[in-house]
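A.B. asks: According to Swiss-Prot, the protein has these features:
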- Lys417, Ser418, Tyr419, Asp423, Trp433, Cys434, Asn463, Trp487, Trp492: RNA binding site (BINDING)
- 291-317: compositional bias 'Polar residues' (COMPBIAS)
- 338-350: compositional bias 'Low complexity' (COMPBIAS)
- 373-384: compositional bias 'Polar residues' (COMPBIAS)
- 411-545: domain 'YTH' (DOMAIN)
- Ser2: N-acetylserine (MOD_RES)
- Ser2: phosphoserine (MOD_RES)
- Ser4: phosphoserine (MOD_RES)
- Ser5: phosphoserine (MOD_RES)
- Ser22: phosphoserine (MOD_RES)
- Ser39: phosphoserine (MOD_RES)
- Ser196: phosphoserine (MOD_RES)
- Ser360: phosphoserine (MOD_RES)
- Ser395: phosphoserine (MOD_RES)
- 1-45: region 'Disordered' (REGION)
- 2-385: region 'Localization to mRNA processing bodies (P-bodies)' (REGION)
- 247-388: region 'Disordered' (REGION)
- 386-580: region 'Interaction with m6A-containing mRNAs' (REGION)
Amino acid sequence: MSASSLLEQRPKGQGNKVQNGSVHQKDGLNDDDFEPYLSPQARPNNAYTAMSDSYLPSYYSPSIGFSYSLGEAAWSTGGDTAMPYLTSYGQLSNGEPHFLPDAMFGQPGALGSTPFLGQHGFNFFPSGIDFSAWGNNSSQGQSTQSSGYSSNYAYAPSSLGGAMIDGQSAFASETLNKAPGMNTIDQGMAALKLGSTEVASNVPKVVGSAVGSGSITSNIVASNSLPPATIAPPKPASWADIASKPAKQQPKLKTKNGIAGSSLPPPPIKHNMDIGTWDNKGPVAKAPSQALVQNIGQQPTQGSPQPVGQQANNSPPVAQASVGQQTQPLPPPPPQPAQLSVQQQAAQPTRWVAPRNRGSGFGHNGVDGNGVGQTQAGSGSTPSEPHPVLEKLRSINNYNPKDFDWNLKHGRVFIIKSYSEDDIHRSIKYNIWCSTEHGNKRLDAAYRSMNGKGPVYLLFSVNGSGHFCGVAEMKSAVDYNTCAGVWSQDKWKGRFDVRWIFVKDVPNSQLRHIRLENNENKPVTNSRDTQEVPLEKAKQVLKIIASYKHTTSIFDDFSHYEKRQEEEESVKKERQGRGK
């Protein structure tokens with residue numbers, strides 16, 4: 001038998017497999033007998049209950065717990081909507097408040113069949129079948145609102161039952177109001193606006209209402225149950241209105257003397273560090289003239305200038321207070337030209353000034369014939385008592401000789417830049433000096449090259465002082481294995497003997513015109529340490545220094561530097577005692 005004949009005969013054999021019965025089934029059976037077997041065919045391939053069908057009471061909580069008419073809420077967080085709070089099915093019971101969105105159980109017959117036992121249909125999509133997925137929904141018969149805080153919230157019903165109220169209803173005929181604290185976000189946003197205090201005070205405090213929201217506020221006013229409240233429009237507060245308001249008067253600050261106001265602004269801060277430090281280039285105010293002091297003397301309070309003699313006692317000298325710090329009562333009179341000139345002088349950055357020149361202008365202190373200066377003290381013009389060490393030095397050495405031979409035939413001259421006047425004072429006191437390692441080699445080579453054929457002169461100047469303070473002659477070669485131990489800094493090694501010839505302050509203005517061809521044609525006043533001066537130019541410098549009628553010198557502050565040396569030595573002894 002062929003395969004084709006088998007295929008043709010197989011359906012016939014299957015169709016005839018009916019035993020003990022008629023070939024036509026309807027002859028012996030009723031239609032109702034097959035109804036229980038045909039009913040499952042209505043839902044083929046469905047192993048779960050359809051969402052639109054009513055649920056079984058044996059699976060869910062008792063049906064009495066859902067006797068409310070529920071509204072709607074979105075399930076997505078897209079757009080301006082907020083995610084509702086969902087509870088589990090097992091916690092639902094009768095009379096308990098629960099924040100279940102009305103989208104869980106919608107209106108009857110939305111997508112499903114008739115509600116089971118009077119309950120609502122099981123509907124996950126709010127607003128029926130016209131719901132636009134994941135968008136801003138709008139129920140039938142409701143207007144769409146643009147506000148983000150509109151009808152997207154469902155609020156807890158009371159324990160007495162009743163419909164849940166959406167976030168859009170506003171006192172129409174409901175007995176229940178919105179949930180407390182609903183619009184805290186709206187109130188917080190309204191508080192950020194300009195003039196928010198006025199808006200918050202004018203809008204009536206209604207539970208569940210928004211403050212500062214235009215759409216919700218209009219709904220509240222247009223409500224039927226609430227009488228129309230007269231809400232004053234918020235007062236406009238523009239930038240022009242704010243700018244037109246007068247500025248608040250600032251309280252006048254009082255000075256230390258207790259007098260408000262000042263005729264002149266305060267001068268720049270002056271930081272005066274230790275006396276004689278090479279890098280102390282802070283501005284120093286000069287003392288006001290006598291006429292200006294008399295004019296300011298009419299003020300209620302005036303700080304008397306500290307005498308120079310008192311400045312040189314225990315502490316480093318401090319510059320006197322400038323005229324700009326003096327205060328005057330209100331209204332302040334216009335500043336006088338003399339005051340402006342003194343203030344401009346104080347504001348300009350000046351060089352480091354020696355203590356002897358800080359009480360008055362440079363070059364105004366009286367000096368006797370031997371170069372011993374007189375300090376101008378506030379108590380009187382009597383000269384200060386000379387120090388015993390200075391008297392001994394003056395008796396041994398003939399400082400500032402009048403018969404000095406500046407016209408050298410042989411010799412070498414070098415510029416010496418000192419870091420402080422303390423080292424100048426000790427060089428004069430001990431007749432020694434020490435330069436840097438490079439400077440010591442240069443000076444030692446120059447001294448040995450002369451071999452007694454001519455002098456080696458050293459022109460001393462303190463960094464930032466603005467003047468040359470004296471001339472000394474090198475009297476020995478450099479001893480590299482000796483440390484003097486008397487300098488203000490302990491880093492100097494080596495020493496050589498010197499003899500001081502001139503001890504006087506010669507301003508740089510007297511020597512600035514002399515330029516050195518071996519230093520890029522710079523002025524002699526703009527030289528580095530151990531800069532050699534050509535012999536012809538050195539003669540000019542020595543002639544000017546020898547003939548200059550000085551008014552100040554380091555001798556004026558000799559007592560001050562003596563006391564500073566004693567203090568430094570006591571500090572060194574204390575450190576050595578601690579080290580042991």
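Glycine too: its Cβ is placed from the backbone N, Cα and C atoms.
Since this is a predicted model, take the numbers as computed values, not measurements.
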A.B. asks: Counting across all protein chains shown, how many other Cβ atoms sit within 10 Å of the Cβ of Tyr419 (RNA binding site)?
C.D. replies: 19
A.B. asks: In angstrom units, rounded to an integer, how far apart are the Cα atoms of Ser395 (phosphoserine) and Lys417 (RNA binding site)?
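C.D. replies: Ser395 (phosphoserine) to Lys417 (RNA binding site), Cα-Cα distance: 27 Å.
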A.B. asks: How does the domain 'YTH' (411-545) divide up by DSSP, counting helix, then strand, then coil residues?
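C.D. replies: Taking the domain 'YTH' (411-545) as a whole: 41 helix, 45 strand, 49 coil.
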A.B. asks: Cβ neighbours within 10 Å, counted over all protein chains: which one of the recorded positions Ser395, Asn463 has the most?
C.D. replies: Asn463
A.B. asks: In terms of DSSP three-state secondary structure, what is the assignment for Ser395 (phosphoserine)?
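C.D. replies: DSSP call for Ser395 (phosphoserine): helix.
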A.B. asks: How many other Cβ atoms sit within 10 Å of the Cβ of Lys417 (RNA binding site)?
C.D. replies: 20
A.B. asks: Within a 10 Å radius of its Cβ, which of these binding-site residues (Trp433, Trp492) has the fewest neighbouring Cβ atoms?
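C.D. replies: Lowest Cβ count within 10 Å among the binding-site residues (Trp433, Trp492) is Trp492.
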A.B. asks: Over the region 'Interaction with m6A-containing mRNAs' (386-580), what does the predicted model average in pLDDT?
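C.D. replies: A mean pLDDT of 94 is what the model gives the region 'Interaction with m6A-containing mRNAs' (386-580).
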